[in-house]
Amino acid sequence: MEDNKELQCLICKYSDTDDLVFGEWMIVRNLQVHYFCLLLSTHLPQRGGDSSGILGFLLRDIREEAAAAEKRKCWYCNKIGASLQCDRCRSLFHLKCGLENRAVFEFCGQYKSYCYKCRPMDDYKRQLQSNPPRNATCPICFSSIYKVELHCVVYGDCCRLGFAHKKCMRQYALTSGYYLRCIWCRSERFRDSIRLQSVFVPDRDATWEKQRNAYRELHERNLKCDQPNCLCPSGRTYNRLSWVILCCSSCAATSAHLKCLVGALRLPKKRERTDFKCSMCLDVERRIAEGPARTTEETNADGDNQVDGSFYVQKLGPDAATRSLTQTPVFSEEDESERSSNITVIFSQPKSNATSERLSLSPPQEEMIVEIPDSPEASPKTSIDENHSPQPIARRDTSDSPQPIAASEIPDSPQPTAASEIPDLPQTTAINVNPELTQQTALNTIPHSPQPEASFSTQLVSQTFDCPQPQEQAVAKAPNSPSLPKEDPNTLLVLKSGFQCPGEPFFYLVIYEFEHGTCMGECIGTCVLRFKEDDPRIQDTSQAALERVNITPDDVWCRSEDRGIFEHIEKFHEWYRSEGFS
């Protein structure tokens, strides 16, 4: 009991221990939850098999639901950790608060919950509520039921012949398992109807079938002929001379005279039979051979785990694909699941800004015209048209001046910092590039050092100027930038944000993830890393230091499909291609 007092459910935050109303404690990898909190949590899907996570509930999903429950307040106690939601009024509450306030739980299908006001009612229930019967007796504990109320008693919907305490019925159902029958009419439909009355029925053998020496009588030799028609004149127990009694070679619980077997099976007298199998064992062997293959592996091999696999039941819904993503930090490890994946070290782009993009420039043509048309209103989209045919532009006489230099060297050219910051132009602007300078001119060169400005830049010019410099020096120069780092820039992390939760001794770092583990691939989402406050790797929380943090698989807390700014960049590229630009 002292160990149970130290336990706290990760979902509901309560430490109550009652197997009948909260279910057994499920403990895996220091994760402790009530089993009924797993089943009845409205937004927690069961995406694994009986050997995955905790009876089909993946550890990642459990921690994700626990983190989401910390944002929900209970309708009754006004505390966080509410994971159950009324299927009709959508009010949230704890499992414990629901039990105390007469909520109804369905332990089948989608495992729905209902508050007291929204509980399902039919004509029979309304009749019991308006005119409750008197002098009822519980057939399990043989105690009187002082008042028949639906939240404290159950009844057999198959026959409606009596009532029983809900607590007694929970113990009876937990003990009986497959063998649960209606205690009034012995109907098998009772198992399905009782699950709608807040009673959990496990799909397993009865507990008395698993007790020590439960089948002791099967190991005792029963030297008595069990054939329907015993032919021995001295009786069924006679075991001498030619009337030898043989035991079943499988169970040893059934025996028969050899002569009785020969007569019953119509075997030839010359054939001497030394063993036989009773009809019950033959039927069991036949069903095992025809049934599906079963595995004898344990659910959890770790000795520290505490999970009873016999409690496994299947839960339908909610659909995991439609669940809302959350940025709340949760564990991401997944236990023996088809959906689990290896943790990959994330590499980053060389840009410190997450919005940076590389532009691949096509080989220069003889004449390249870049036109940016008028835009009536500010827009983050940019139209660029490449025309390979020369077009005349207005210019003054430049017979005595050298050829025009590269656009990036013109001192008065505006240089916006982002695609969304391109100002409205009063007229169409064209850049005429001299083919003699194509081998020496670099347009829109993006340095390979971190830039705090934009994803890309465009140099604009409306006319040419006299340039006294020699033509050999007309080479585009990159803007001033810090010296290149010595390490490979692809090893840097692409940061999104960093934060701390009040009351938690942890620091959370959100980074972007890319396909194939490199920033050259497509962004696939974000990853939340969790570090302790005293971790020496995050003592320096500057951007440059966080980009160079060496992460391990244990640092991964959760993942999300939110791609942030990369989602907008991809939409811009799709629009750009849809307009016919290349």
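The count begins at 1 with the first shown residue.
In case you wondered, yes, glycine gets a Cβ from its N, Cα and C as well.
Quick look at what Swiss-Prot lists:
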type: COMPBIAS; residues: 340-363; note: compositional bias 'Polar residues'
type: COMPBIAS; residues: 383-399; note: compositional bias 'Basic and acidic residues'
type: REGION; residues: 6-119; note: region 'Extended PHD domain (ePHD)'
type: REGION; residues: 292-311; note: region 'Disordered'
type: REGION; residues: 323-422; note: region 'Disordered'
type: ZN_FING; residues: 6-44; note: zinc finger
type: ZN_FING; residues: 72-119; note: zinc finger
Message: What does the DSSP secondary structure composition of the zinc finger (72-119) look like, as residue counts for helix, strand and coil?
response: 6 helix, 11 strand, 31 coil
Query: By DSSP, what is the split of the zinc finger (6-44) into helix, strand and coil residues?
result: 7 helix, 8 strand, 24 coil
- prompt: On the 0 to 100 scale, where does the mean pLDDT of the region 'Extended PHD domain (ePHD)' (6-119) fall?
  reply: 91
